[in-house]
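Enquirer: First the structure, then my questions, so here it is.
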Amino acid sequence: MSAASPGTEPATSESIDARDGAAGTGGKRVLLAKPRGYCAGVDRAVITVEKALEMYGPPVYVRKEIVHNRHVVDTLRERGVIFVDETSEVPEGGLVVFSAHGVSPAVRAEAEERNLRTIDATCPLVTKVHKEVNRFARNDFDIMLIGHEGHEEVEGTSGEAPEHVQLVDTPEDVDKVQVRDPSKVVWLSQTTLSVDETMERVEQLRARFPEIADPPSDDICYATSNRQVAVKAMAAECDLVLVVGSRNSSNSQRLVEVALQAGARRAHLVDYAHEVDESWLDGVETVGVTSGASVPDVLVMELLQWLSDRGWADVQEVTTANEKISFALPRELRAGAGSSVR
Ligand code: SF4
């Protein structure tokens, strides 16, 4: 897995060294990871729902959480979005947005049968993995999909070719999978996993199936890997790392794990600053702060203010990459595209 992903420029040595220069000042300080927060896929998904509200008015239905962030979901709900678990909950002819995590062909077919108008906010990097599944399934490969059981993205991706895909979540799953032809096996992955843990799972699979093929390109997305690189760069200096993100956000949860593995003494996930337990700050000098790919930066700013009020006012940004990537809005919403919501 590469650290410098497409659409990403490696940080200059000055931006990384800025942290080192201040490290000797002692006392309370905050190291703030960059990149952090919103990725291009989340930005696109949130704008998609906002534009749908503007263009078509409420109610706009969204299947599942548009992105895994409590603040984003609550804010959109207040503006007239109705979140549903299944398309069967949307009234006939209603407008439904598919979330950034993607959906299976069965979900699309059900929406069509029920005459729903659809807008697809699936992240293009998730769609890329769907296409890989289809391609390898057409070539009759057994596909080992590394991912977390029950995660919406995994359900959508597996649903592209359920008869070819087996989910590998835990090390025990590696022992359980069965393949028809060991020379026709490939591994693919969910986009928001821990890079290191995924490679461990791949090596376990390779020990069983030495001919296993690699994905044509990294499935773990640039945003997930960049945020892990940034938190790793500062973790060893941190007595405490606070990750802003929601419990059901895979990439946010991974940031907590990566911080601990990279040497942070403690790490916690919080949705809001007020969730920080003041006792976590006992004996702490350096606090690391980062946020998951579905987190608006306003929540990080609130956490920085909360820390500043308690004496952690010295904030030094630790930059490991500069992200430039952005995605076009779904076709149905592009001005002048001449298409309308089905
Ligand atoms: S985390 Fe990655 S795959 Fe998920 S929405 Fe963001 S860019 Fe897309």
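Using the three backbone atoms N, Cα and C, a Cβ is placed for every residue, glycine included.
Since the structure is predicted, the reported quantities are computational estimates derived from the model, not experimental observations.
Relevant sequence annotations retrieved from TrEMBL are reproduced here:
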| type | residues | note |
| --- | --- | --- |
| REGION | 1-25 | region 'Disordered' |
| BINDING | C39, C123, C221 | [4Fe-4S] cluster binding site |
| BINDING | H68, H101, H151, S249, S250, N251, S294 | isopentenyl diphosphate binding site |
| BINDING | H68, H101, H151, S249, S250, N251, S294 | dimethylallyl diphosphate binding site |
| BINDING | H68, H101, H151, T191, S249, S250, N251, S294 | (2E)-4-hydroxy-3-methylbut-2-enyl diphosphate binding site |
| ACT_SITE | E153 | active site, proton donor |
Enquirer: With respect to ligand 1, which members of the binding-site residues H151, S249, S250, S294 satisfy a Cβ distance under 6 angstroms to one of its atoms?
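Expert: Near the molecule: none at all.
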Enquirer: Show which residues of the chain containing C39 ([4Fe-4S] cluster binding site), separated from it by at least 6 in sequence, have their CB under 8 Å from its CB.
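Expert: Correct list: C221, Y222, A223, T224, A293, S294, E323.
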Enquirer: For N251 (isopentenyl diphosphate binding site) and T191 ((2E)-4-hydroxy-3-methylbut-2-enyl diphosphate binding site), determine the Cα separation and express it in whole Å.
Expert: 9
Enquirer: Long-range same-chain neighbours of T191 ((2E)-4-hydroxy-3-methylbut-2-enyl diphosphate binding site), Cβ under 8 Å, sequence gap at least 6?
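Expert: Those within reach of T191 ((2E)-4-hydroxy-3-methylbut-2-enyl diphosphate binding site), by Cβ under 8 Å and sequence separation of 6 or more, are C123, L125, V126, V129, E153, D219, I220, C221, T224.
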Enquirer: Within 8 Å of the Cβ centre of C39, C123, C221, which other residues of the chain have their Cβ, at the recorded [4Fe-4S] cluster site?
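Expert: Other same-chain residues with Cβ inside the cutoff are A40, G41, V42, A100, L125, V126, T191, T192, Y222, A223, T224, A293.
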Enquirer: Among H68, H101, H151, T191, S249, S250, N251, S294, the annotated (2E)-4-hydroxy-3-methylbut-2-enyl diphosphate contacts, find the widest CA pair distance and round it to a whole Å.
Expert: 15
Enquirer: Check each residue in the chain of H68 (isopentenyl diphosphate binding site) that is at least six apart in sequence and keep those whose C-beta is under 8 Å from its C-beta; list them in sequence order.
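Expert: Within the chain, H68 (isopentenyl diphosphate binding site) has Cβ neighbours under 8 Å at H101, S246, N248, S249, S250, S252, G292, S294.
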Enquirer: If one looks at the chain holding H151 (isopentenyl diphosphate binding site), which residues at least 6 apart in sequence have a CB under 8 angstroms from its CB?
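Expert: Spatial neighbours, sequence-distant, of H151 (isopentenyl diphosphate binding site): H101, Q190, S250.
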Enquirer: If you draw a 10 Å sphere on the Cβ of S294 (isopentenyl diphosphate binding site), how many other Cβ atoms land inside?
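Expert: For S294 (isopentenyl diphosphate binding site), the 10 Å Cβ neighbour count is 32.
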Enquirer: Compute the mean position of the Cβ atoms of H68, H101, H151, T191, S249, S250, N251, S294, which form the recorded (2E)-4-hydroxy-3-methylbut-2-enyl diphosphate site, and then list in sequence order the other residues of that chain whose Cβ is within 8 Å of it.
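Expert: Here the non-site neighbours turn out to be V67, E153, T192, N248, S252, G292, A293.
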